[in-house]
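Below: one structure, written as structure tokens.
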Amino acid sequence: MSSESSAEKGPPPSPAENVQPGVPPAAEEPGMISVDIAGLFYQFSKTFILIFPVYVLGYFGLSFSWLLIALVLLLWWRRNKGNKNSRLYRALAFLENEEKSVKHHIASTDLPAWVHFPDIERAEWLNKTVKHMWPYICQFIEKLFRETIEPAVRGANAHLSTFNFTKIDMGSQPLRINGVKVYTENVDKRQIILDLQISFVGETEIDLEVKRYFCRAGVKSIQLHGTMRVILEPLIGDVPIVGALSIFFLRKPLLEINWTGLTNMLDMPGLNGLSDTIILDIISNYLVLPNRITVPLVSDVQIAQLRFPIPKGVLRIHFLEAQDLMWKDTYMKGLVKGKSDPYGVVRLGNQVFQSKVIKENLNPKWNEVYEALVHEHPGQELEIELFDEDTDKDDFLGSLLIDLVEVEKERVVDEWFSLDEATSGKLHLKLEWLTPNSTTDNLDQVLKSIKADKDQANDGLSSALLILYLDSARSLPNNPLEINHDGMKKAAVEKAKKAGKKIGSSPNPYVLFSVGHAVQESKVKYKTAEPLWEQTFTFFVHNPKRQDLEVEVKDENHQSSMGNLKIPLSQILASEDLTMNQRFHLNNSGPNTSLKMKIALRILHVDKPVRSPDEQHTSQVKRPSIFKGKQPPTPQMPSPSPAVAHKPPPTPKLETNKKPENGNKGTPPSASPKSPTELHQSSSSLSGSSFTYSPSHLPAKEPTPSIASDISLPVATQELRERLRQLQNGTTLGQSPLGQIQLTIRHSSQRNKLMVVVHSCRNLIAFSETGSDPYVRIYLLPDKRRSGRRKTHVYKKTLNPIYDQTFEFSVSLPELQRRTLDIAVKHSGGFLSRDKGLLGKLLLELNTEDAAKGWTQWYDLTEDGTRPAVSS
């Protein structure tokens, strides 16, 4: 058989099969020698490239450390590059087959939002539509780059006159929408609010070059993930029904870029994070709150109001103190525990505040105040992170996420919050929701409350909010010498002359605004005397009766002033609706030069919380802050003692990272209204579940009930019945012979967790002559593993313990109807004690509709928990 036919039919036979008897083996083909030579040359070249830098260092007498530094940078760069590529390929694989990825147990962080949150819809029809439109979207993007961005870059600088895009390819993978959420509560009737969970993972290729300098650069892949809000408003009674479309990101999206060419240096260590941050800042200037893109669909819509609406409110954050923070600094290689140098980072949308650093303190006190604008709610959340300052990398101490809907509802929240993602630690915050009012009725009261003095500077707490919309300018002078010289700085003109700039060229105007010490600057508009800005600016005002708004138009090209203006804020106070919308003539400028602006002043005031009649009783159910020391003695009787009655009512507890709920409207049908006495005794509300006590948060030395006590449940039940017969001894026991337990139960669809708040117990039976040492143990059946067990602290020698502890179970709302809460009140006899027993049980079936709304109620304890009678 010939070699050609054997190659066609299959793999070549082995040498033994190929050699015929009496025929010497064929000589080796000459081609094999050339392959060896090529491999040898490749190996020699590789070795030479590795050794040559060492020779160069020795030849020039340089230090060997330069080679080590270069090697470290190369390895670090390759590692970062590999991580980026792996994330890109993983995301691409997930987008190609989402269902298969889910079945193969992909990491939960990579799953789309609709998997975690039931209120977010998958909307696959939208992805199919985008996929069909993607080629035409790519054509639009390419047209935008070539006809808009490319000419703008060329005109920005003479050195970039040969700039052009050589290739623009957005890739075949379209933008994907992982979930859509439509808001139906707490929104205006004339608007529709949608949140889109967008994800773009594309092999995008954008190449550019500057021919004059033989410079080539580009991008070969982009990843973008974030939550984009789309607002359709106002709804009108005519076609097209929607007046305008507003698009923006609620917070900075996640961005990752792989560079090519000259820009590949941006992937080097130290520059990779910086480059992404700069690009994110550019995106934030256009698409992250308070900035937005507004597309008018009808001509008579007030675009200025839609693009830059007045903020919904101002959040005053009192960043007070923390307790029991984790220790991160160690000595003698961890043998000696040190302390931490904590500081906090507070984020609200695009606004970031950082506290001072408290050295070597696990119970720091900052006592700092920040004021942040709230532009959109629901949707915006207050994010707080605590760090331990170190010389190399700051250590994480815990975080906190607070839904602002609850803060707006309560107006003032002064509370201790347990830190998430931390084994210990709690943070004391006071949050005030300030409502912008268009009247001066409360101005004197507000000025008195913040102790506003005669100081012109904007240093103290704010009494008002100044919102300024800069529209355009008219008839700006082209020649600085045309301006009134009394208002000119001669040095500025001389500087422009020395710089060789043409005096009569078109200006590059921008505007400076200042109120007190706060200064803000508009964008620069190039080569125009009729600029159009359409920008908004917001200032916090300490005392509007005494402060002024100073405006100055400057020319970046000539480094000179083109006119100025001063507006006393008291003039705005005298205007109708505290608003001025007009053209303002500029001083020290041309005769017809003017600025078109809309200026609004809003008085910041803490309004009283407004609750519906159904929510009036829930507002009284409050819970005190965490005590610094031991729990104070609890009363032995359920009726309130005088010491309790005259205590000032504590502020309401606020749940972190939860959706707006409807108070206690979801009380089960069998639940009856609580009496005023019970309301006074209750120490926690439905909205109060930010104290999340997971097993990792509990003290390590807390006594743990025996596992055998759960296994031998029939024995414990029999002993409890025997104890009841002994207590009865011929007498008639009351309606609740084993006592009662008060619980709050609610399912958070946003966090996908069931939250159970154990408030207190009353009238428990005495396990011994000295009383009982009760604690509460909880299972979410059928899960009875040790990891699924939750338990409260133990309180000694009391029959009326007050716990006020919150426990969380990860369970979806549809699955909840198949689960049962197993709650047992037990006596803890101490470590290794045999005096442990059951004080009462409660088995509670969970209804999905009721759990979504939540309720707070007293329940009777029974021997086996099969009769969960609801107390009136």
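Every residue, even glycine, has its Cβ placed from backbone N, Cα and C.
Per Swiss-Prot, topological domain 'Cytoplasmic' is recorded for 1-31 (among others), and the stated evidence type is sequence analysis.
According to Swiss-Prot, the feature region 'Disordered' maps to 1-25 (among others).
Residues or ranges marked as transmembrane segment in Swiss-Prot (evidence: sequence analysis): 32-52 (among others).
Under the heading transmembrane segment, Swiss-Prot lists 56-76 (among others), citing sequence analysis as support.
What Swiss-Prot lists as topological domain 'Cytoplasmic' is 77-872 (among others).
The domain 'SMP-LTD' annotation in Swiss-Prot covers 119-298.
Positions annotated as Ca(2+) 1 binding site by Swiss-Prot, on the basis of similarity to another entry: Lys328, Asp329, Asp388, Asp390, Asp395. Asp388 (Ca(2+) 1 binding site) falls within a strand when secondary structure is assigned with DSSP. For Asp388 (Ca(2+) 1 binding site), the Cβ neighbour count at a 10 Å cut-off comes to 22, with all displayed protein chains included.
The Ca(2+) 2 binding site annotation in Swiss-Prot covers Asp329, Asp341, Asp388, Glu389, Asp390, and the record cites similarity to another entry as its basis.
Positions annotated as Ca(2+) 3 binding site by Swiss-Prot, on the basis of similarity to another entry: Asp390, Asp392, Asp394. Long-range C-beta contacts of Asp392 (Ca(2+) 3 binding site), restricted to its own chain and to partners at least six residues apart, with a cutoff below 8 Å, are absent.
The domain 'C2 2' annotation in Swiss-Prot covers 442-588.
The annotation compositional bias 'Basic and acidic residues' is assigned in Swiss-Prot to 608-617.
The region 'Disordered' annotation in Swiss-Prot covers 608-711 (among others).
As annotated by Swiss-Prot, compositional bias 'Pro residues' applies to 632-652.
For 664-681, the entry in Swiss-Prot reads compositional bias 'Polar residues'.
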Set of same-chain residues at least 6 away whose C-beta sits under 8 angstroms from Asp394 (Ca(2+) 3 binding site): Phe387, Asp388
Sparsest Cβ surroundings (other CB atoms within 10 Å) among the binding-site residues Asp341, Glu389, Asp390: Asp390
Taken over the domain 'C2 2' (442-588), the model's mean pLDDT: 80
